[in-house]
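Here is the structure we will look at, set down as structure tokens.
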Amino acid sequence: EYHLKGNMENHTTVTEFILVGFKSHPGSQLLLSILFSTMYVVTVVGNACMILIIRMDSKLHTPMYFFLENLSILDICYSSVITPKAALTFSLGRRIISYNGCASQMFFFSLFGTTEAFFLAVMAYDRFIAICNPLLYHIIMNRRLCVFMVVGSYLSGCINCTIQTGFTFSLSFCGPKEINHFFCDVPAVMHASCSNTLVNEIVMLAVCGSIIVGTSLVVFISYGYIIITIVQMPSAESKRKAFSTCSSHMLAVSLFFGAVFFMYAQPGATSSPDKSNTISMLYTVVIPMLNPFIYTLRNRDVKWCLKKLLKRKGFFS
């Protein structure tokens with residue numbers, strides 16, 4: 001069952017891994033498959049609708065919705081790296097993933113995950129400028145800066161995923177190796193190695209920790225200023241309006257950073273596989289699915305544009 005090949009130093013190297021996440025619940029495999037498949041369809045449809053609404057209505061051609069559209073594209077990519085493979089794994093019981101397949105899954109997962117953290121920080125900065133410097137908003141948040149921020153987020157993602165994947169796959173994997181996860185996440189693959197992983201754990205903690213702390217600091221400082229500004233607003237209506245544009249983003253940020261911090265920014269992140277399987281399911285599968293709903297249901301502009309679009313198509317009289 002395991003394909004092993006001997007290398008030049010006469011010890012065996014792994015050419016594939018076995019994903020054993022959630023295997024301890026044999027009766028729930030079909031249920032997990034249906035759950036993952038449904039979540040994936042909802043994620044793709046929800047985010048695609050978000051992109052379509054933003055593209056089709058010129059009222060939404062603002063920096064905030066430019067970032068939101070990019071977040072939706074990112075969430076589709078992010079979810080596509082993990083969820084379909086996981087759903088197939090549960091339904092067909094095909095838990096084998098090739099060495100190269102595992103490395104590329106880790107690479108793209110780290111790329112999109114890191115980029116999402118930077119996007120959320122960029123979106124918090126955008127809300128900070130909109131509420132704290134409304135008169136200068138269109139001058140500061142010009143098209144050039146918006147594009148620069150999106151490209152910068154992806155470049156940061158590229159740097160992190162190259163470091164994470166490079167360091168993890170420089171470890172030795174000897175003999176048949178099981179990964180206690182439903183995808184090739186960095187801590188789980190590291191755990192399956194027969195090398196000393198201390199340096200890798202330090203690198204992961206330093207790089208991921210600095211990204212999480214850096215991006216979440218931008219978010220917290222931005223929202224600190226936003227809350228102070230909202231509190232000082234004279235009318236209740238302007239307070240309510242300002243708060244409603246931020247509340248959805250605050251919810252998305254809390255969910256994402258809470259889960260990611262739990263996974264990567266604390267020592268011994270690799271120690272509890274079952275707990276980490278559940279937590280990583282939250283930010284890899286659930287959050288990309290929830291984002292379009294969080295932003296749509298809490299947003300009057302999007303709801304208004306959606307109604308207008310449905311009216312035009314004849315769904316509403």
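In case you wondered, yes, glycine gets a Cβ from its N, Cα and C as well.
Please treat TrEMBL annotations as automatic predictions, because they have not gone through curation.
TrEMBL lists 30-54, 66-87, 107-125, 145-167, 202-228, 249-266, 278-297 with the feature transmembrane segment. For 46-295, the entry in TrEMBL reads domain 'G-protein coupled receptors family 1 profile'.
Same-chain neighbours of the transmembrane segment (278-297): 36, 39-40, 42-43, 46-47, 49-50, 68, 71-72, 75-76, 78-79, 82-83, 86, 109, 113, 181-183, 185, 248-249, 251-252, 255-256, 259-260, 262-263, 303, 306, counting only residues six or more beyond its ends whose CB sits under 8 Å from a CB of the stretch. Across the domain 'G-protein coupled receptors family 1 profile' (46-295), the prediction's mean pLDDT works out to 86. With pairs at least 6 apart in sequence, the transmembrane segment (66-87) and the transmembrane segment (145-167) have 3 or more Cβ pairs within the 8 Å limit; the two touch. With a cut-off of 8 Å between Cβ atoms, the residues of this chain six or more beyond the transmembrane segment (249-266) that come close are 113, 116-117, 120, 123-124, 127, 185-187, 204-205, 208-209, 212-213, 215-216, 219, 223, 276, 279-280, 282-283, 287, 290-291, 294-295, 298. Residues 22, 60-61, 65, 68-69, 72-73, 75-76, 79-80, 83-84, 86-88, 90-91, 285-286, 288-289, 291-293, 295-296, 302, 305-306, 309 of the same chain, all 6+ positions outside the transmembrane segment (30-54), place their C-beta atoms under 8 angstroms from a C-beta of that stretch.
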